Amino acid sequence: MNNKMSPSVSPRFFSEKEVSKHCTKDSCWVLLGTRVYDVTGFLRMHPGGEALILRRSGKDVSREIEGPPHRHSENARRWMEQYYIGELDRDSIDEDTETLRQRKKIPESTTEEEEETSAINKCSKVNEETDLVDWRKPLAWQVGYLREKYDTWVHQPVDRPIRLFENDFFEANTKTSWYMVPIVWMPLVIYLSWYCYALLAQERTRLFITSDYSILVHKYSFPFIFMLGVFLWSFIEYCIHRFVFHMRPPAHNYYLITLHFLLHGQHHKSPFDGSRLVFPPSLAAIAIGAFYLILRQLLSEGLGTSLFVGGLCGYVVYDMIHYYLHYGSPRRGSYLYGLKAYHVKHHFEHQRAGFGITTTFWDYPFNTTMPEQTF
């Protein structure tokens, strides 16, 4: 059943006894003062893990929202409002829940038609009358008209799907299930790894230091070249995320704003859209092919391809980690737990910092680490 309310609907009222009953993964409610929120759908997304919310289910979380240890951002508070379902009726603490329903005229149940609401209504609390875009139409060709308002609008995340194109074929090609990335690219990684090792085993691959001096690249050096490719990918990942995905398109340029939204802006606007957390293989193939051609021009076949296959494996790991940071529940204190918290802060608090996904390493030399929070 979908309890989320539209802005025009009068608030429902719940007794404390009723709120306290919703304390499981299947139905988790919390209080913020007297406001009641159904955060069941947010459990998996919470950067601190679902256990932190479940321990506070049915209770007031005002202190946790304000911190310490973590003060939640304005975007996080705005996000929470999407799960608002009603108010706490403090006068009815000791009243029977059924009596409360009758007095407040809250229906016991809804019809099947009401339950089968669309996916957009289930996860949206966007006010379609006042928002800067028309959510009932594809967004790709609208965002360019936001001009100077685009940057602020795109960094106010919502929990609802986005339709980019009217054409079903184009729309479908912007969505990819996470498992398609390893299915498409890992066979190529495995084949090229074998191919490179066999090529280096022929002992004809040399690295030229100068035109007159070169060294033999032995087959046993392949794992080290492969790992160097993975490391180089982490740098490319950082640069693409910072300088391409987070470019600031000029307010007067409709086409650059549209391009930015298609590349990355739509992900910041709807960060938990599971169908757009990894790159479609058809689009990724263009960039991957370009990197391969560059390496082949600069290096010999054995060396360039060995470096390339390491980078390709790094890309697959990047896409898998990115998906997991949005939907996974890593163990508290683990490396991925820290990455998840770091990345969610990037979405909700510091969009101009924290560009590392698989590692935060490159944020340090380029001074783009997350600011320390103070109270």
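Our numbering is plain: 1 for the first residue shown, then up by one each step along the chain.
Cβ atoms are placed via backbone N, Cα and C, with glycine included.
A TrEMBL annotation is a machine prediction, not a hand-curated record.
Per TrEMBL, heme binding site is recorded for H46, H72. Sequence-distant neighbours of H46 (heme binding site) (same chain, 6+ residues apart, CB-CB distance under 8 A): L52, I53.
Packing around H241 (Zn(2+) 1 binding site) is summarised by its Cβ count: 20 other Cβ atoms lie within 10 angstroms of its Cβ, all protein chains included. As annotated by TrEMBL, Zn(2+) 1 binding site applies to H241, H246, H264, H267, H268, H322, H343, H346, H347.
Taken from TrEMBL, the feature Zn(2+) 2 binding site applies to H326. Over all protein chains present, the Cβ of H326 (Zn(2+) 2 binding site) has 21 other Cβ atoms lying within 10 Å.
Residues or ranges marked as compositional bias 'Basic and acidic residues' by TrEMBL: 98-107.
For the domain 'Cytochrome b5 heme-binding' (11-89), the model gives a mean pLDDT of 79. Annotated domain 'Cytochrome b5 heme-binding' per TrEMBL: 11-89, in sequence order.
Residues or ranges marked as region 'Disordered' by TrEMBL: 96-119.
Away from its own ends, the transmembrane segment (178-200) comes close to residues 217-219, 221-222, 226, 274, 277-279, 281, 301-302, 305-306, 308-309, 312-313, 315-316, 319-320, 323 of its chain (Cβ-Cβ under 8 Å, at least six residues beyond either end). Residues or ranges marked as transmembrane segment by TrEMBL: 178-200 (among others).
Sequence-distant contacts of the transmembrane segment (220-240) (same chain, six or more residues past either end, CB-CB distance under 8 Å): 193, 196-197, 200, 291, 303, 306-315, 317-318, 355-359, 361-363, 366. Taken from TrEMBL, the feature transmembrane segment applies to 220-240 (among others).
Look at TrEMBL and you will find 277-295 (among others) tagged as transmembrane segment. Nonlocal intrachain contacts for the transmembrane segment (277-295), taken as residues 6+ away from its ends with a CB within less than 8 angstroms of a stretch CB, comprise 173-176, 178, 180-181, 184-185, 236, 267, 304-305, 307-308, 311-312, 315, 319-320, 322-323, 326-327.
Listed as Cβ neighbours of the transmembrane segment (307-325) (distance under 8 Å, sequence separation of 6 or more from its ends, same chain) are residues 178, 181-182, 185-186, 188-189, 192-193, 196, 225-234, 236-237, 274, 277-279, 284, 288, 291-292, 295-296, 299, 336, 339-340, 343-344, 357-358. Taken from TrEMBL, the feature transmembrane segment applies to 307-325 (among others).
Put simply, H326 (Zn(2+) 2 binding site) is 8 Å from H343 (Zn(2+) 1 binding site) when counted between their Cα atoms. Taking the centroid of the Cβ atoms of H241, H246, H264, H267, H268, H322, H343, H346, H347 as the Zn(2+) 1 site, the other same-chain residues with Cβ within 8 Å of it are F245, P271, Q351, I357. H72 (heme binding site) sits 12 Å from H347 (Zn(2+) 1 binding site), counting Cα to Cα. Of all the binding-site residues listed here (H72, H268, H343), it is H72 whose C-beta has the fewest other C-beta atoms within 10 angstroms.
Highest Cβ count within 10 Å among the binding-site residues H264, H347: H347. With respect to their backbone Cα atoms, H347 (Zn(2+) 1 binding site) and H326 (Zn(2+) 2 binding site) stand 10 Å from each other.
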